[in-house]
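Novice: Okay, here's the structure, questions in a sec.
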Amino acid sequence: IMKAGAGSPGPEGLAPVQVFILCEDQMDIIIHPNPTQSFFLINNMKNFIMEKYASVKGEQVNPGYDGSLDEPPHYEETSFSGTARNGYSTGEKSEFREVRHSVVSVFGHDTLDRVPNINFYRNPGSVSGHRAIRPSLQELHNVFQVTDMESVTPEEQQAGFVKFGWIKGVLVRCMLNIWGVMLFIRLSWVFGQAGIGLGIVVICLSLVVTSVTGLSMSAICTNGVVRGGGAYYLISRSLGPEFGGSIGLIFAFANAVAVAMYVVGFAETLVDLLKQSDAIMVDEINDIRIIGCITLVLLLGISLAGMEWEAKAQIFLLIILLVAIVNFFIGTVIPATKDKKSKGFFNYQASIFAENFVPDFRDGETFFSVFAIFFPAATGILAGANISGDLKDPQAAIPKGTLLAIFITGVTYLAVAISSTVVRDATGNVNDTITYHVICNGSAACQLGYNFSSCATETCKYGLMNNFQVMTMVSGFGPLITAGTFSATLSSALASLVSAPKVFQALCKDNIYKALHFFAKGHGKNNEPFRGYVLTFLIAVAFILIGDLNVIAPIISNFFLASYALINFSCFHASYAKSPGWRPAYKYYNMWLSLLGAVLCCAVMFVINWWAALLTYAIEMFLYIYVTVKKPDVNWGSSTQAVTFINAVNNALTLSSVDDHIKNFRPQCIVLTGAPRTRPALLDIAHSFTKGYGLCLTCQIFVVRVCSWIILNKGLQGGEVVRASGLGRLKPNTLVIGFKRNWRTADVTELQNYVGVLHDAFDFEYGVVMLRLSQGLDISHIIQLCHQVEKLQDFPFPPSPCLIYFFLPSSLLFPLSLPFHAQLPHCFLWFSGSVNSPQSSPATKVNQREVEASTQFQKKQGKGTIDVWWLFDDGGLTLLIPYILTTRKKWGECKLRIFIAGQAERIEQDKAEMQALLAQFRIKYINITVIPDVGSKPNKESWKMFEDMIEPFRLHEGAKEFASADTQKKEHSWKITDAELEMLEEKTCLQIRLNELLQENSRAANLIIVSMPIARKGTISDHLYMAWLDILTKNLPPTMLIRGNHKSVLTFYS
């Protein structure tokens, strides 16, 4: 082992840092005399250690290896499931990388610059291609390096993906979902109640709602790549996770319950057939449960077999459904038999059309109640969008397939409406014909030779108003209508059974509800949500076992309508925000039409069922608040963000045209923290009285050296930064600064700049708040050391077991133990300062006190007082800030004590006047103390302490000859002259005396607030002013010096 010399002591008297690395093989001991550079040495000796280790093992190591290129540039990208923000999938390391060499570009020379390419714009985890990282600005701007790295996320393309086109994936699904049992069972009843005229209005109104929603959805779909999740994906990426997360959960649940609804509808129809054949197994309700559960198991099997099998089943069911519809229209032109005529069917007749055109509402039905019953037949337009992840081109397929499905199904409903071939009432008795002695009552049936007048006094079983199986009777072959009913229910159930897990999986992948992330996992080549299928199956079984979904049905319809409303609102909101990123390829939409669609959807929700609408809104609001409180770590560039920006700009402009008023004053602070982490106490106290009340900005000035003779911010003072900060009325009115603890050792120019900031603040009529802690505010030296030690976690240690021993100055041990918890394979880290309990050294205790003091305002303050020494009327800022602090939870147990200066002969009068003033201001306090002897002389010990403080900075011109004194004044103009001390003796005595009074009365206070003395420009030197501030706040609890801008910030007027 080779050993170096001990070296000389480092800066600030710290001992050298020694690093011992002991491994299986003989290694070197490195000792560096400078502790501030020792960890930089550790970072740079990586190549040395690896080369040593490789030479022993007989391996070659690239001497030009640059560890700084190990990590790819960080980009703030959307984090999709399993993908980190830097573009790597979870668990991936930097082995997925390639060297980015310079290339001969189209410009004719070698360059790292790349021409525009779609791969640079892909999101992490893109399934349509690899995501590439373009050269960063730093890579192009910094000094050229021989090799450069590029982060690439290789995405293995899984073969066998089943992707659907717009016909099979969207058109077929939407038509099957829209054509439900309503077409075959209830449509005739709707036209019987509302008549052909209002029936067409009902259909058209429903089509308006769905068509506008389809247009809005088309616009959103064509504004970027659409992934899996359907309505949830569209809403969440447009309006943000709050709206998307709330509607996504209830939409997935609604689809799961819809499976049960459609299966029960199928089971009820089948049980009716069994009842006609006298083949009931147990009883009607249990037969529905048995058939429903068996059917659901079969549908689940089809779904689990894969999307391809499910799509084939949908095609088969569509064929049956189309045949049933065609069968109905064929039946309308087949001449009616006597049996059908007795049941009210007479083929196409003008008299029947005229009679059925007008409404005939019965049994308390109204237009809106009939509309509420029909509208669910128009829903189902999201069936294609719900499987957006399984479409080849969702951007083109969803608009085309959805809008065409709405058109085809709408035409079908209208065609059925005008196919008026059945009268409203019929007896079904073939003998109810017109005889020669019967007078015709003028009805269409009477004109056609049948007398159904008995239906006016007794209930008839046939006709549009009485028979739900009218389409079966009219059709050419009745069983085909039954098959069509089965097809409609099963296809809708199958579509919902597939949609619910897909939507739920997309929601869980985004990890908005962390407890549901278990269901995000997919299986197989198509990433099938098997866990979601099981959950959907269990929910559907639970509702099938209920057997009666008449109460649940309107709630589900309202859930779907809430989704439609938010899709329309998303389109309107994105258009209203006018974000440059809103560029939909589909142009046939209008933002106001989308808003109308959203309003219509909300209105229809209340028309269908008002209490179900209220319940839907309540659930959605609860989930919205939950997601808002949880604040999921996602950023999708929603229109909500864009509108927030627009509102902020508009509000800022509005504020600019409004004059300030005392009642609306609030502290808007700029905090000169430097790097915010280095002075946490200063930022914490500013945050305490600005959070929820005003503005809080932090400021750090960087010195940038362009070359040896140009410094960009030479002479730049903090006051200039203060003046330049803010926007319109959103600008600071209060400067918050820390007390310069090292003012006696600081450079003259540095001190002049510090005091100059205070002068600038007063010139700009800012309030000033200065905080002093006895332990100091700056902990940058501790943070820097901890940061350097953390770098050891990236140290390339050999794979063999080793022991790493660090001998550090014991004063640095405490901060090291706070943030550093290295987990190094095969290695043990041992930090030590001395053999005999280094943690007990005085330097360690000092560092510990500094860290504890820096975080004291982050903790809840115990019972105590905030002592306010309101000595000068500055407009009330000295009183307002401590009052705000007492309204905070952390300071809630602290009470205000007010101290004022007064005269001995009128103490009670001064106290009464202050009590009256505070009562007018509505500020609570526990005590008012009048100090009558503020102007007394300080004691000799205090004065001696002050003289010793300023002695190094005094000129002492009185003890020198005139010429020598004059020369000294010119050379050291910043020093304190005897004349200055004599002129300002009374003010100096005041500061010293105040410190004595503060120590006498406020040593036990949690916080002391004191009126800040002002330094008149050109009258007092910088060092004397700093001595005032120092002696005033010396040896005290946390102290804030406050001086307002002498404009009222408190008022007792309403």
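Using the three backbone atoms N, Cα and C, a Cβ is placed for every residue, glycine included.
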Novice: If I go by TrEMBL, the feature transmembrane segment sits on one of 477-500, 765-788, 909-932. Which?
Specialist: 477-500
Novice: Counting only CB pairs under 8 A, let me know which of 315-336, 367-389, 401-423, 477-500, 589-612 has the most with the transmembrane segment (247-267).
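Specialist: Result: 477-500.
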Novice: I'd like the per-state residue tally for the domain 'SLC12A transporter C-terminal' (721-789) from DSSP, helix first, then strand, then coil.
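Specialist: Helix, strand, coil within the domain 'SLC12A transporter C-terminal' (721-789): 30 helix, 13 strand, 26 coil.
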Novice: May I ask which of the stretches 215-235, 477-500, 559-577 has the most CB pairs under 8 A with the transmembrane segment (367-389)?
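Specialist: It is 215-235 that shares the most Cβ pairs under 8 Å with the transmembrane segment (367-389).
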Novice: For the transmembrane segment (401-423), what are the same-chain contacts with Cβ under 8 Å, counting residues 6+ beyond its ends?
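Specialist: Same-chain residues near the transmembrane segment (401-423) but 6 or more away: 166-167, 169-171, 173-175, 178-179, 183, 187-188, 191, 196, 199-200, 203, 207, 210-211, 214-215, 217-218, 325, 328-329, 332, 344-349, 352-353, 355-357, 377-378, 381, 384-385, 443-445, 452, 463-464, 470, 473-474.
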Novice: Please give the average pLDDT for the domain 'SLC12A transporter C-terminal' (843-1054) in this predicted model.
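Specialist: A mean pLDDT of 89 is what the predicted model shows over the domain 'SLC12A transporter C-terminal' (843-1054).
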Novice: Under 8 Å between C-beta atoms and at least six residues away from its ends: which parts of the chain pack against the transmembrane segment (183-209)?
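Specialist: Cβ under 8 Å, 6 or more out: 324-325, 353, 356-362, 365, 367, 370-371, 373-375, 377-378, 406, 410, 412-414, 416-418, 420, 422, 424, 463-465, 467-472, 481, 484-485, 488, 564, 597, 600-601, 604.
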Novice: Suppose I define contact as three or more CB-CB distances under 8 A, residues 6 or more apart in sequence; do the transmembrane segment (559-577) and the transmembrane segment (477-500) meet it?
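Specialist: With fewer than 3 qualifying Cβ pairs, these stretches do not touch.
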Novice: For the transmembrane segment (315-336), which stretch among 215-235, 477-500, 589-612 has the most Cβ pairs under 8 A?
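Specialist: The stretch with the most contacts is 477-500.
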Novice: Using Cβ atoms and a strict cutoff of less than 8 Å, what residues sit near the transmembrane segment (215-235) while being 6 or more residues removed from its termini?
Specialist: 123, 128, 243-244, 247-248, 251-252, 381-382, 385-391, 394-396, 398-399, 402-403, 499, 502-503, 505-507, 563, 566-568, 570-572, 574, 581-586, 588-589, 593-594, 597
